[in-house]
């Protein structure tokens, strides 16, 4: 292979490698942004997971690609495939660093003078400003103060993972199962944020781990949709109802399959999730597997609990990636 064909093949390999690495990185680092409070948010979370453009790529949407063959050849000739991969990764990291720097809140003042209003108090719960929280509560403010969406400081701090603020709010009487306008509690928000330590703290203060939002989603549903494996594993260790269904009759396994959460699928199966459970559309998890989900279909058809643990293949198993199996 030489000339244009070699360049084309090399470019395809680059893009495949980058897509794989970006997918892995996004799943590992996924930190949900601030969510607008309407029913569309919950419905989109159910269908796509929180902010999951990577999922759309897996489903077959093509990225916009440069078409200049000369440009491709020049790029590859500069330093080879690996150098190009590293260069593009560094550029992406620089963009992430610049974005993080722009979003970083201003430093907290040494001393809070004057009263703290409700808006400032709620904003402090997001930004982790403990002194503002202390001042508001010391002046007699309610720990259950909420905004127009009934989101409290406890909800906000749970999403962000601010443990010290959470403990302070709970010590000052914050209602641990306070429901916002979508019936989400701090437990739901902690699952979205991916903070296992927050889940454990809320649980130790009596939070309901089976509470439902307006989609009838449990915290387990939310953890599955947002891809937080450790939280899913924690809930399963508690013996929660693994087959609990939401408003559309979907179990956690339905959601995991729909979003191609491979490790979570394996975890659910190893803990006895019902593969034959039907949702309101009459579909089982296996029915939802798309052709592009070869690994997922294999997991459903060959659970192999004796050789799998925590969603990972046994070291040295040597099992090849299964080929797609057409849906029946």
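Just so it is clear, glycine is given a Cβ too, placed from its N, Cα and C backbone atoms.
Record features (Swiss-Prot):
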MOD_RES   36  phosphoserine
MOD_RES   68  phosphoserine
REGION    96-116  region 'Disordered'
REGION    297-328  region 'Disordered'
REPEAT    116-145  repeat 'ANK 1'
REPEAT    149-178  repeat 'ANK 2'
REPEAT    182-211  repeat 'ANK 3'
DSSP-derived helix, strand and coil totals, residue by residue, for the repeat 'ANK 3' (182-211): 17 helix, 0 strand, 13 coil
Three-state composition of the repeat 'ANK 2' (149-178), taking helix and strand from DSSP: 17 helix, 1 strand, 12 coil
Mean of the pLDDT scores, which run from 0 to 100, over the repeat 'ANK 1' (116-145): 95
Per-state residue totals over the repeat 'ANK 1' (116-145) - DSSP helix, strand, coil: 19 helix, 0 strand, 11 coil
